[in-house]
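**Student:** Provided herewith is a single structure, encoded as structure tokens, for subsequent inquiry.
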Amino acid sequence: MSHETADTGTTQTPETPETPHLDFAGTTPYEDYVQADVLTHLQKTLSDDPGEMVFLVTTQVMELWFTVIVHEWETAARALREDDLTVAKDALKRSVRELEALNASWTPLAGLTPAQFNSYRAALGEGSGFQSAMFRRMEFLLGDKSASMLVPHRGAPRVHRELEKALHEPSLYDEVLRLLSRRGYAIPQSVLDRDLSQRYEPSAEIEQVWTEVYQGDQDGELVRLGEALTDVGELVWRWRNDHLVATRRAMGSKTGTGGSAGVAWLEKRARKNVFPELWTARSYV
Ligand code: HEM
């Protein structure tokens with residue numbers, strides 16, 4: 001690019017733009033912040049197959065997205081407790097974009113053939129995504145609590161401690177129902193006082209509450225909250241289904257490395273509805 005000087009009107013070549021700094025006393029500020037050196041040396045593949053790298057990295061990338069999404073949902077749950085719907089909805093909306101990015105990261109694994117997967121499958125031993133603690137944190141926040149999901153993590157104190165805390169805390173959905181109760185909706189006392197470490201069970205009363213919410217002001221903050229939660233529910237369901245299809249392509253009906261029936265077990269999991277009454281209430285609006 002060139003520019004004209006004000007006085008003569010002649011064209012001059014501008015000075016070369018400043019180049020980035022190269023000299024740092026220690027590690028770069030980028031490294032100090034991102035820890036890229038740590039992150040890019042965590043890829044310890046278990047076989048000689050060149051295709052294993054993308055399987056491992058995709059799994060690690062998904063673990064990072066799980067971590068971000070847990071952070072957003074914990075932020076949203078805390079904000080709901082404090083009646084701060086603006087902060088809660090911002091966090092939920094961010095999580096919707098993040099879930100879209102999470103789901104897009106299936107692409108490199110979506111077309112694995114059985115022969116390709118077999119090239120490193122045996123090296124995985126009994127390792128399975130079923131043992132992902134961060135995925136369980138996501139499920140717990142959605143209300144899908146299960147004490148037995150802590151059992152695999154007894155050997156990892158920090159992970160176990162975090163999961164146990166999450167098991168006993170109100171889920172995101174519990175906080176939503178408490179907020180609806182404070183706003184005058186008829187949430188049964190048994191739901192407000194429920195044992196938080198148990199899986200949330202859908203009920204006709206909560207379905208009725210969502211029906212009333214959705215019959216109300218369509219631009220109101222509660223319908224918008226309901227829609228943000230529905231987006232979350234839909235995208236979690238999509239993750240489960242993308243996982244199911246990738247698994248069906250890669251291994252047919254073989255048993256899983258984690259010891260389950262494989263696809264048949266995943267099909268059952270994929271049938272679950274996240275925030276069930278938000279879906280069933282639609283029939284009555
Ligand atoms: C195409 C490659 C993949 C195949 C064939 C596959 C297969 C399976 C199977 C068969 C199960 C059932 C449990 C078992 O017996 O192992 C399972 C569970 C699971 N996998 Fe994968 N998986 C793949 C990729 C991934 C990736 C990249 C992730 C990311 C973290 C992941 C996360 C999970 C999770 C969280 C579960 C537990 C699901 C639940 O509890 O509902 N999987 N996988």
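The backbone N, Cα and C atoms fix where each Cβ goes, glycine too.
Below, the features straight out of TrEMBL:
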- Arg121, Thr257: substrate binding site (BINDING)
- His243: heme binding site (BINDING)
- 7-16: compositional bias 'Low complexity' (COMPBIAS)
- 1-26: region 'Disordered' (REGION)
**Student:** So for the residue listed as 'heme binding site', how many other CB atoms are inside 10 Å of its CB?
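**Tutor:** Summing over all protein chains shown, the residue listed as 'heme binding site' has 19 other Cβ atoms within 10 Å.
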**Student:** Let's check the environment of Thr257 (substrate binding site): how many other CB atoms sit within 10 Å of its CB?
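**Tutor:** If we count other Cβ atoms within 10 Å of Thr257 (substrate binding site), we arrive at 18.
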**Student:** I'm trying to understand the geometry here, so how far is the Cα atom of the residue listed as 'heme binding site' from the Cα atom of Arg121 (substrate binding site), in Å to the nearest whole number?
**Tutor:** 16
**Student:** What does DSSP call Arg121 (substrate binding site) in the simple three-state scheme?
**Tutor:** helix
